[in-house]
Amino acid sequence: MKVKLLVLLCTFTATYADTICIGYHANNSTDTVDTVLEKNVTVTHSVNLLEDSHNGKLCLLKGIAPLQLGNCSVAGWILGNPECELLISKESWSYIVETPNPENGTCYPGYFADYEELREQLSSVSSFERFEIFPKESSWPNHTVTGVSASCSHNGKSSFYRNLLWLTGKNGLYPNLSKSYANNKEKEVLVLWGVHHPPNIGDQRALYHTENAYVSVVSSHYSRRFTPEIAKRPKVRNQEGRINYYWTLLEPGDTIIFEANGNLIAPRYAFALSRGFGSGIITSNAPMDECDAKCQTPQGAINSSLPFQNVHPVTIGECPKYVRSAKLRMVTGLRNIPSIQSRGLFGAIAGFIEGGWTGMVDGWYGYHHQNEQGSGYAADQKSTQNAINGITNKVNSVIEKMNTQFTAVGKEFNKLERRMENLNKKVDDGFLDIWTYNAELLVLLENERTLDFHDSNVKNLYEKVKSQLKNNAKEIGNGCFEFYHKCNNECMESVKNGTYDYPKYSEESKLNREKIDGVKLESMGVYQILAIYSTVASSLVLLVSLGAISFWMCSNGSLQCRICI
């Protein structure tokens, strides 16, 4: 009976001992992050750093409407193609939108010199002042200024560019001309002109009354002399002749001088440019909408404060940096490994092995206790708040450092610059690869550090409890301690807040340790007696059985027994 009581006492003591466990928060989150060492780690909380959505629309940029060129190209707009007349009144914009294949460009066929460079210059312009550099009615009294072409027709009638004048002879003469303009606008002025190349000498004589014409354009930074190239050419837009188009930027205070004795397509209007950060030219078929955004891409507007995006590499406005990543998620919480609910006396005793507690909702790290007054969860607010502050500051710092928002417009190359374009693409691809690698590596490293940081915090909390309890409790694994004394709610609270009174409970703990050790020793002695008794009994049964078998075999002659004296 004594043995049975001791065994029951031991079982009762182990089952109903007061217990406290250290663990961490868990929830039903399915967020996954990658670290340097692991992929798809499920975590309780994380933040997305990569924007992958857009609205599919063209929007105002900070309240300013874009300049939609519609069916016109940049060339058609800036030269004043008659079909682009509606664009003449537009003098300010947030960005410029050109469709992929606009119909109305240079209506009179010819070569547009340095067109890609002009587009690049205009991509940084947010407004201009269109003014008459050489008034039509007063600048050319000795020349005809009404030159038109069927290839530039408007409303079924022959017409010409609105920003240029086609000068021809007057009264059978084409006097030498010399005209200058001094830039007093205190801004760069864009000046455009053209040189006509007739298809035959007859047209040359009829229009300009000379066979040896020239055009000279000179400023402080530009000097060029043009000679018409008279030659038969294939018809383009029903024209065998050509007009080559040229432009220059005139600095404030500089003067440009035009001299010619024929073939000049003279400037009528010029443009005083106002540069603006965040402007640009994009090629897009996206529809315009009544929306406002800070970032515009050819695919649609992005409204995001995230540091990275994978929508499009060409952006206008304050935009996240483009990377080729499919996922950039930074952990802000802990590993999310909910404990097995059916295990342990508490239903979910977690810690360093089992997993986190879904019952603890007010913090990241904390305690679960069990005593005669019940059980419950409590977060350690100080360590949780310190961790939250540290991680929040880190995430904000990462976003701030990587969130260099800017405009990234595409570079323009003409058909003769394919090698340069291919080289540029390789360079851009290299930069994109570097940015993508840096972004991904940064997130991987920070995720690894954050998860290690949480593990360290839980272990520190465990060591804090262990150093208080000393030998007043024993470690039972999974981050739990079993008290050798009764620990009510007040006692539990003192352990949690670091004011546990070790001497107060040491005597009770010592007595209970000795009782438990005594129970173990007596139980061991009983088990030894039982083992000896069982061995002796088994041996006796074996000897009796062997004797009975021998006696039976001797009686029927199967076994002969001889006893010699």
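Note: Cβ is positioned from N, Cα and C throughout, glycine not excepted.
As annotated in Swiss-Prot, CYS72 shares a disulfide bond with CYS84, one of the listed residues CYS59, CYS84. Just one residue in ASN142, ASN556 has N-linked glycosylation site written against it in Swiss-Prot, and it is ASN142. Looking up CYS59 in Swiss-Prot gives a disulphide bond whose other cysteine, out of CYS152, CYS291, CYS295, is CYS291. Following the DSSP three-state reduction, the secondary structure of ASN303 (N-linked glycosylation site) is coil.
In this model, the topological domain 'Cytoplasmic' (550-565) carries an average pLDDT of 57. By the criterion of other Cβ atoms within 10 Å of the residue's own Cβ, the least surrounded of the glycosylation sites ASN28, ASN71, ASN142, ASN176, ASN303 is ASN28. With a cut-off of 8 Å between CB atoms and residues at least 6 apart in sequence, the same chain places THR32, VAL33, ASP34 near ASN40 (N-linked glycosylation site), listed in sequence order.
For the pair ASN176 (N-linked glycosylation site) and ASN104 (N-linked glycosylation site), the C-alpha distance works out to 33 angstrom. Neighbour counts of Cβ atoms within 10 Å were compared for the glycosylation sites ASN104, ASN497, and the top value is held by ASN104.
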